[in-house]
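Participant: The following feature annotations were taken from Swiss-Prot:
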type	residues	note
DOMAIN	64-202	domain 'Flavodoxin-like'
BINDING	70-75, 117-120, 153-162	FMN binding site
DOMAIN	234-448	domain 'FAD-binding FR-type'
BINDING	THR322, ALA356, 386-389, 404-406, TYR410, 419-422, TYR599	FAD binding site
BINDING	SER519, ARG520, LYS525, VAL526, TYR527, VAL528, GLN529, ASP561	NADP(+) binding site
Amino acid sequence: MTTQVPPSALLPLNPEQLARLQAATTDLTPTQLAWVSGYFWGVLNQQPAALAATPAPAAEMPGITIISASQTGNARRVAEALRDDLLAAKLNVKLVNAGDYKFKQIASEKLLIVVTSTQGEGEPPEEAVALHKFLFSKKAPKLENTAFAVFSLGDSSYEFFCQSGKDFDSKLAELGGERLLDRVDADVEYQAAASEWRARVVDALKSRAPVAAPSQSVATGAVNEIHTSPYSKDAPLVASLSVNQKITGRNSEKDVRHIEIDLGDSGLRYQPGDALGVWYQNDPALVKELVELLWLKGDEPVTVEGKTLPLNEALQWHFELTVNTANIVENYATLTRSETLLPLVGDKAKLQHYAATTPIVDMVRFSPAQLDAEALINLLRPLTPRLYSIASSQAEVENEVHVTVGVVRYDVEGRARAGGASSFLADRVEEEGEVRVFIEHNDNFRLPANPETPVIMIGPGTGIAPFRAFMQQRAADEAPGKNWLFFGNPHFTEDFLYQVEWQRYVKDGVLTRIDLAWSRDQKEKVYVQDKLREQGAELWRWINDGAHIYVCGDANRMAKDVEQALLEVIAEFGGMDIEAADEFLSELRVERRYQRDVY
């Protein structure tokens, strides 16, 4: 199958102009980027940039505030599209990241729109945690003069589907806010629901907010979105895989790969803290197994996004086969009248458990049925790209991007199963083979602007990836700030990822301290949170010296355990109770001194 990438000729800038723009903006702060956006708008309209960046007086019109709370970029894209719709309707709108929002201003909001995703076990995105805590605290103000709407993005394969949006919606109403529209909960395939919701929001707001004068129809407080590139999630770069190296030992229970991808002369840029989006193909053997279990041939024509494709091709390129969901189980049970699965229908907990423990192909194996090709396609979810924390800095690797991939492998009744994207990169892409990629920028996981600022990095397992990028950048910048790494894994001899590199950084004085937790090398299990408590006094000194704290890895257990350890350290060595420690950590988050990249 040939992947079509938009030719550069379609861009309004030639390659040289695009390169100059990228070079000029790559190290600007979000605030500076927002100002530059207003400046260019002012130049275009022959008005001073200051006017373009100044909100209209509140007395003249009630402004609309859109809060974007995004984890992987989808919520941000919906918020940006809504902002553009409202500007087209000549309404005065302000778009802001939840992490930049001064939440004490919420009492003065008249028209408030929240677009949010959900992470972990129903938690809000990292950039919205402080706002979420504030609204659920005793400090939250009454909002009787606020009308609001919430669009919630989620993944129905998780138990706490769209929980963050549900939280914001219920709390805003509880505080006295008036719902402009009922909340919308959108699944992975959110685009159609988002488009319909945006149109309804515009219609609802037209009757609430007077039309702005031309000079006032400008987005203020812009979300961090100015990343100039012809490549995106919907138009990925076709790059080539240059290195696929296993970096765990022969006897390790884990298969972790160091992957290097050659970006060629694409000009694709990224920063430490960003993620690499990977569009993968399903395993042809898995496709064949599923098709045969359903008594199909694979050459049946099916319709995908208005195009007719053979079933095998559609399944390999366009549909999710490695993640089951409660909805899929329920729909399959209803379609096939399976005696095994029908008793689960209506019991959310049992459906979730079955979906989490039984891949789609094994669900079909255990409850065989005959479906036609279109029925199968309608049962499945669209394939979505996987995001991997980038493990390199272009200050060192230039036109490459590195990722650290934990390959998902397991057995179901003796049959080997694997994760879709991780096995694609590890097993099915040959050297110099094509990989479709894009950069998902993450402005909520950034090194300090001041190179003298100390950095504390906590990243067990593959959570170490962005800190490799951080250290490459700090070394290239000759940053004088101290660096401290906490890393953990089961065994020292088998699972010390990038061991030689960390040892070199210590020897060269770039890595000031390193604390290692090997959970299976002794009778008593030791994790990174235990090392945090053990080093509590020194950790508190670093925090008092202005250190930034970064956490990367598992959201469900590790991140919570690490946060609890940090709270205990702050309470003990800061001489405060847990409630005060929680306030202290929340302040660090607001100040961007406590940042997490968890999944």
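Using N, Cα and C of the backbone, Cβ positions are placed for all residues, glycine too.
The structure displayed is predicted, hence computed values, not measured ones.
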Participant: Would you mind ranking the binding-site residues ALA421, VAL526, VAL528 by how many other Cβ atoms sit within 10 Å of each Cβ and giving me the lowest?
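Facilitator: Ranked by other Cβ atoms within 10 Å, the binding-site residues ALA421, VAL526, VAL528 bottom out at VAL526.
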Participant: Take the domain 'Flavodoxin-like' (64-202) and count its residues per DSSP category (helix H/G/I, strand E/B, coil), listing them in that order.
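Facilitator: Secondary-structure composition of the domain 'Flavodoxin-like' (64-202): 58 helix, 31 strand, 50 coil.
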Participant: With every protein chain in view, how many other Cβ atoms are within 10 Å of the Cβ of GLY419 (FAD binding site)?
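Facilitator: Other Cβ atoms found within 10 Å: 19.
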Participant: Which three-state DSSP class does TYR599 (FAD binding site) fall into?
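Facilitator: Looking at the DSSP assignment, TYR599 (FAD binding site) belongs to neither helix nor strand, so coil.
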Participant: If you average pLDDT over the domain 'FAD-binding FR-type' (234-448), what do you get?
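Facilitator: Overall, the domain 'FAD-binding FR-type' (234-448) comes to a mean pLDDT of 97.
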Participant: Have a look at the binding-site residues GLY73, SER117, GLY120, LYS525 and say which one has the shortest Cα distance to ARG386 (FAD binding site).
Facilitator: GLY73
Participant: Would you work out the biggest C-alpha to C-alpha distance among SER519, ARG520, LYS525, VAL526, TYR527, VAL528, GLN529, ASP561, the residues that bind NADP(+) according to the record, and give it in angstrom as a whole number?
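Facilitator: Between the most distant Cα atoms of the NADP(+) site, 18 Å.
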Participant: Return the residue, from the listed binding-site residues TYR158, PHE161, TYR388, TYR599, with the maximum count of other C-beta atoms within 10 angstroms of its C-beta.
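Facilitator: Going through TYR158, PHE161, TYR388, TYR599 one by one, the largest Cβ count within 10 Å is at TYR388.
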